[in-house]
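Taken from TrEMBL, the feature Mg(2+) binding site covers 483, 510, 512. The domain 'Thiamine pyrophosphate enzyme N-terminal TPP-binding' feature in TrEMBL is assigned to 45-150. Per TrEMBL, the feature domain 'Thiamine pyrophosphate enzyme central' maps to 244-362. Sequence annotations record features per position, and here TrEMBL assigns domain 'Thiamine pyrophosphate enzyme TPP-binding' to 452-577.
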């Protein structure tokens, strides 16, 4: 039988069954003239199965950008009554939104199209991987009949190899599933979702565009409830690690605890809090773990960030004769250019599945949660580090009120943001000086806090704010975003308005990439100024609830906040804050110089 170039092999006769192959023919080896057990339209199909699986693992909102390869799949996500399909302006923001959603809900999902969508969203997926977030990235793939042929498809780089996208995702996901055959689709999808949840990392699922609507006996109308076998600690390893750590810490005079970002992935936040109470030690938090532990306990001493730590915190941590770090990440940013004054022989490093004590042994096959709970029962109560901190502590002053019509200062802005915080709010801090200013905020109990420190992708916060706010409807999100970062991903303010979100965005307009200025200045750090409130007004376009303001003085700021929390409390509020280009935190100045020194180290002698 001849086939013309560019024609799809049309050997199937016409069928009136929408989404189904003709009778008496087979797809992937399954005869289609057998009786269909599920009579409901769209019943036992791949699309239905995937939609129900997402609901079962906790996803209620899927962030998407439509493309011709994923349209049939999107129909099933739209049809699922327990899912919202949140259309985004671009794939990068869809990925960032899934990242923000996963931070609140424990899992997120996005759907894009083949290659042009996948290679656009991949930067956000890499960020989620670095932050240990289970994001399910679903891509609408080529028709299953095109695999193994020599056809060249659109949305590719012009070669008949469809694996380019998958190969790109291999290094930023913990599992990849290429669903092009209904026989193993059930297994591939469930395995990928399970792996994302167990590893707390993103996964990649590609689904051929012609498969979502086809019924198959491996799918039931209501999938069997999803469950995972719990991980368990090896009791021998756990017992030995606890005994040796307790002996190590009980012998110390002034031990201290420090919480790290991996407390979240280890689900050990409550266990860490219990250890604080049982031990009596003072405790601090690493910058990337802010929001993971309570800041209202009498033993809390602030953020440990080397030379840019909260006042008096670094002195207590670095002078301790033993310190336990729970879930730390020590990179060039968190170590302030590798300048922390810590000694390995004094440290107990607790990671999600292993413990290392000083220069001595490492114990594996145990869970951080189990370890901290067991250790709490073995430690002697010791308040020495708390008492030392209380002796040297001097309360921090508050910025003086501005004079009438005096240009607004950044420290004044954050003084007022501090007053806005409650258990009904959450803070999103963009990469830049907001990192340092937001670190100084004292979070009320149950106030959310998120930022992306490991990956540090500017623009992350716009999409992440969208996703976090969609996941956390009972909190009002306060996002602090620099002008340079906002220019990268501004479009999805549109999606926030469309979905009726009540976020308050403080757009800090200082004319450029301030964090990069302090690392290495140059003309490339100066950006074109926008009329940011005018842009958001244009995006609003009279549809939905949105209010904007531009403030240049403290008086204008106070009035804007009053409006945002009063008559405009049910609106998206966008407040552009005009500040001087050199108005930065002292912490950024110190941190930038140290990171610059680390970046500019000369090559080692060859």
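Including glycine, each Cβ sits where the backbone N, Cα and C put it.
TrEMBL entries are annotated by machine, without manual review.
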* Structure fact -> Same-chain residues at least 6 positions away from residue 483 (Mg(2+) binding site) with a Cβ under 8 Å from its Cβ, in sequence order, are 507, 508, 509, 510, 511, 512, 527, 529, 530, 532
* Structure fact -> Averaged over the domain 'Thiamine pyrophosphate enzyme central' (244-362), the pLDDT of the predicted model comes to 96
* Asked: How does the domain 'Thiamine pyrophosphate enzyme N-terminal TPP-binding' (45-150) divide up by DSSP, counting helix, then strand, then coil residues?
  -> 51 helix, 22 strand, 33 coil
* By a simple count, how many Cβ atoms lie within 10 Å of the Cβ of residue 512 (Mg(2+) binding site), its own Cβ left out? -> 20
